[in-house]
Amino acid sequence: KKIFYSGLTAMEKKLAEYKCNTNEAIKLKLVRFPEDLEDDNTTFNPEYSHQVFGDDEVAFGYKGLKILLYYIAGNLSTLFRIEYTSKVNEKFDCVEADDVESKIREIVPPGFCTNTDDFVCLLEKEVNFRPFGMLLHTYSVHNEEAGEDITYQIYKADMTCPGFREYHERLQTFLMWFIETASFIDVDDERWNYFLVFEKYNKDGATLFATVGYMTVYNYYVYPDKTRPRVSQMLILPPFQGEGHGAQLLETVHRYYMSSPTVLDITAEDPSENYVKLRDFVLVKLCQDLPCFSAGNLMQGFSQEMVMEAQQKLKINKQHTRRVYEILRLRATDMGDAEQSRSYRLDIKRRLIGPYKKKQRELAKMRRCLRPEELTNQLNQIDLNMQHEQLEENFQQLVSHYRRVLERLAQA
């Protein structure tokens, strides 16, 4: 037995050398110029690869594994290649290398290049690429590095735009690497809307377009004659993150739906923490000038007028309006003034305590129908002191989040 174990560890050591972290092995690129292919500064890696390579995000069987997924910046034509310095072979009994290629093929649509020359040929045709759909908004961002303003445009597209279906198939592959629970959508359902962000750039005197990011929105039907658009996916590609494109996109989408009399309000499906931060900022920016959010009204508490006005004018639902109210009230409150700060704290905590109150009502019900020994077990879970501590912690977290929103607002 001893011999067997020591042999195994040597074998295990050997096999361990053939494990690669797939987040590091996958090399992504958005290519504008042939020289980008050799430039490591244009390469970025996934945040996640568990949906393709399993929870441990490991590919087995290769040393020095590189999975190249290079995209032409505009129409996202793809180069897919696998490189490695060595691969396990039959000398390792019963051990086979993972079939990396077929795993990637499952998410990357067919029609990709496998060699660089073909890819560079396609790059020359990129000058003909134009954004899909209808132009909704143009804005510019000052770029320190380039020392100039760069122009961006937001378009609304749908599956009737020629070439858009194929383009979208390539675009959605990025979701797998940057959204933790991503899934591909059913593009044959006509209730999807697609909003796309592009950068305009110059190459040899011509104007070209590069893909920056996008959002998909599903239009739910609400009886009898309304719709409730729900944001499903939103992704700004990593080279463009932190430049304010997400806020521009979300605000543009809100403005697009605001003009429609049949839209009830806009929601989001399972929003991430980052999306909630973004939405808070955009909604507060949209709402701050509504008459119902004047300082005087804010100090009198959350009102039905706020709910009505935000929904009618800006298509914002009650729950989100309440957050906007809390953020704007914080801005109007002098937290150094004991009375004002106490009033603000109570107002927020009254909302936060809702779920606890609900639990207590459930407990009261249990008391009527549970045996005493079952009850103590339930009661132990909800200790009042713990409730107060948790409430205070939630309040502090919320306020620090709200302050960050207000800081960003002050800079906008």
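First residue shown is number 1, and so on along the chain.
Including glycine, each Cβ sits where the backbone N, Cα and C put it.
Residues or ranges marked as active site, proton donor/acceptor by TrEMBL: Glu269. Around the Cβ of Glu269 (active site, proton donor/acceptor), the same chain contributes Tyr218, Arg230, Val231, Ser232, each under 8 angstroms and 6 or more positions distant in sequence.
According to TrEMBL, the feature domain 'Histone acetyl transferase HAT1 N-terminal' maps to 18-180. The average pLDDT computed over the domain 'Histone acetyl transferase HAT1 N-terminal' (18-180) stands at 93.
According to TrEMBL, the feature domain 'Histone acetyltransferase type B catalytic subunit C-terminal' maps to 279-330.
The site 'Interaction with histone H4 N-terminus' feature in TrEMBL is assigned to Trp192. In sequence order, Asp158, Met159, Ile185, Asp186, Thr216, Val217, Tyr218, Asn219 are the residues of the chain that are 6 or more apart from Trp192 (site 'Interaction with histone H4 N-terminus') and have a CB within less than 8 Å of its CB.
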